[in-house]
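For reference, the structure is listed below as C-alpha cells.
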Amino acid sequence: MSRPAENTSTTVGAGTEEGSPSERLLFGGPLLHDTGWNKHERAYLEMSLWAMASSLPRLVASTVRLAWRADRRALWAVGCAEVLHGVTQAIGLVAVNEVLGAVLATGPIADRLHAAVPALIWVAVTSLVGALAMSASTAGTGRLEPKVERVATEMYLERVIRVELEAIEDEDFHRLLDSAQYGAAGARRMIRYCTAVVGALVSFAAAAGVLTVLHPALLPLLLLMTLPRSWAALRNSRTRYESFQRWAQHARAGRLLSQTLIRTDPAPEIRVHDVGPFLLGHFRSMSESSEGEQTRLARSAAKTRLIASALTGIATLVTYLALGGLLLTGVMALSVAGTAVLATRSGAASLTTLILQVNSLYEEACYVMDLERLCVEAHKRAIPVGGLPVPDQPRLIRFEDVTFTYPGDSGDSGTRRPALSGVTLDIPMGKIVALVGENGSGKTTLVKLLAGLYQPGEGAIRWDGQDAGALDRADLFSRFAMVSQDFHRWPLTARMNIAIGRTDGPLEEERVEAAARYAGARKVVEEMPRGWDTLLSRGYKGGHQISGGQWQKLGLARAHYRDAQILIVDEPTSALDARAELEVFEQIRQLAQAGQTVLLITHRLASVRDADLIHVLEKGRLRESGTFEELTDNPPVGIFRDLYEMQRRQFVDEQAAALPGQRKPADADATETSREL
Ligand SMILES: Nc1ncnc2c1ncn2[C@@H]1O[C@H](COP(=O)(O)OP(=O)(O)OP(=O)(O)O)[C@@H](O)[C@H]1O
C-alpha cells in the first residue's frame, strides 16, 4: 500500500467531482472519496499541537503494547538504551559547562587546562557510552520493527478472515482495509519514531534543565524557536493524511490496472485483443491525475515550510539578541553564555527532532488507528461464534418465505432489487436436489444462503424446524462442501489444491488419492511434470498451467476430500468434455445412493433427469417444483418444460445438420441424448 506521496497511480485533478475520462469509462464514475465524514468520525484529523501532545502517551502506549507482544526483550533493550543515551547527553552538557567554566576562568592557561581535564574525561566517557547506547538502540529497533509489522498484520488478518462475506464485499470496509494495510507498515515505523521521541525527549529535558539553571528566560525562547517548524510539520501531515483518505480507492484502481497488465490469467486476452496499449494509456492518464495531486501536495508543503523557516529565523534572532542583552547587562558571564549557546543549539535540535518525530508518530498513528478501527469494525461484522448445534442427521431443510437483497445493490431509482423473493422450498436430505433457472434467477444466491454465507432479509431457513439463524455457524459451514462456479484456483501444488478442502486435520495422502480418483483427476495429476508436487501457478519456479476442465476435476476432488454432509455443485461440468461430464453425473448419482445430499445447479436440463427434486427459479422467485417427469409430462406449459424443449430441439437440429457419416443412429441411446442436452 503506498501513501499519496509514493503513489504511481490515480485519477483526475483534485476536486474534479465528476472524475476523469478514464475513471468514468473504466470504473463508471469518480473514485475520489469525500473525506468530509472523516472529520466528524475521526477527531484525530483535527491535528493541533494540543491534540498531538495530549494523545502522545496513548500513541506511545499502543506502540509499546504492540512491541511487547512482538518481542519483549528487544523492547527492553531499546528502552534502556534510549534512556541511557539521554542521560549521557545531560551529563555531557554539564561536563561541557564545567570545561568552559574552567577554561574561561582567570589564572595561567596551563592551570586552567589542568582544571578542565576531569570534566573533559567525563565528556569523552559520556560520548562513548552514548554512542554505544545508540548502536544498541539501533540494533534493537531493527529487530523489533519487522516483528511489530507482522503482529499488526496478523492482528487485522485474523479478524478479517472471520467477517461475514457481506463485509468483504462492502466498499467502505474495503477502504478501511486499504488504510489498515498501510497501518501495519505504519506500526513498524512507529517503533522508530517512538524510539526517536524517547531519545529526543530525554535530550531535550537535559538541555532544558541546563538552560533553566543558566537563566529561566532561555527556555521560553527555545520553545519559541521551534514553534514554526512544529506548525509546518503538523499542517503537512494533516494534508497528506487527508489526501491519502481521499485518493485511497483511486490508488487501488490504478494498481488494479497495472497489476492486470502483468498477471498471467488475463495475459492471453490482453495480447490477442490488444488490450495492453489501451489499459496502459488509461494507467498513464490515471497516474497523471495522481501526479497532479502529488504536485499540489508538494507545493503546499513547500509554501508551509518557507513560512515556517522565516518565522524560525525571526525567533532565532530574538533568542540570540536576548542572550546578547544578558551578556551586555552583565546578568550572564561569558562562560555561562557559551554554555547557553551550546545548550540552546542542542535543545533546539532536540526539540525540533522531538516535534518532528512526534508529528511523524502522530501521522503514522492515524493509519494505525485505522487499523484499530478496522479491527473494531471487523469484530462488529464478525460471523457470530456459538449457537445451537446443527441437528446431527437432519432430514429436511426448508426455505420459508425467504427474501434476500444484496447490500448496497440498488437500481437507478434507488430501490433495492431482491435476488430472492418469498422463496419457499424443501431440500430433503440424502437426495439429489436440482436448482435450475435462467442466468441471474437466484440459484447461486440460494445456495449461499443455505450454506450460511448470507442471512435472509426476511423469512427463515429451517433445519428440521430449527431456524438456521440460531445455529452455530462454524458447525453449519462444516456440513457443506462446495464447488462453486468460480471455485478458487489455489496457486499451490496439485496435492494442496485437493487437501485444502479440509485443513482442520493432518493431510491424508490416501484420501487425496481417493478424491482425485473420484473426480477423474488422477490422470490429470499423473501427466503433470512433478505429479502431486506440481505447482499450479505460472510465473513461479516450476509453475504449471492446466486447462479449465482439469481445474474443474481438481475442484470436484477438493469438495469430495472435504467429505461433508451436503455437497453443493454449481455448474460442475461446464468445462468438462462429454466423457468426463457423464462420469461426474454418474458419481453424483452414486453419492446420493450412499446417502449424501447433493444440491446441483446446472443449465443442462437433461442432466437433472435423475434428481429427486427439481426447483425452478425465475427472477428470484420459485416458479415450479417436482421430479423431471412431473415437470415435463404433466403441465401443458411450464418454464422447465419450455427450457427443456428448447434445448432438445437445438440438439435435434444439430443432429439433422450433421454430415451423414457423422450422424448418430436414429435410436441413439437416451443417455447420450440427455448428455448433449
Ligand atoms: N455478490 C453479489 N452482490 C450483489 N449482487 C449480486 C451478487 N451476486 C449475485 N448478485 C445478483 O443477484 C442476482 C442473482 O444472482 P445469482 O448469482 O444468484 O444467479 P444465478 O441464478 O446463479 O445465475 P447464473 O445462472 O448466471 O449463475 C443477479 O441479479 C445478480 O446480479
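Keep in mind that glycine also has a Cβ here, set from the backbone N, Cα and C atoms.
Just so you know, TrEMBL annotations never went through curation; they're auto-generated.
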| remark: TrEMBL feature region 'Disordered', matched against 390-413, 534-557, 654-677, maps to 654-677
| said: Using a Cβ cut-off under 8 Å, which residues of the same chain at least 6 positions beyond either end of the transmembrane segment (190-211) come close to it? | reply: 56, 59-60, 63-64, 66-67, 78-79, 82-83, 85-87, 89-90, 93-94, 97, 137, 141, 144-145, 148, 218-219, 222, 339-340, 343-344, 346-347, 350-351, 353-354, 357-358, 360-361, 364-365, 368
| request: Six or more residues out from either end of the transmembrane segment (306-334), which same-chain residues have a Cβ under 8 Å from its Cβ atoms? | output: 104, 214-215, 217-218, 221-222, 224-229, 231-232, 340-341, 344
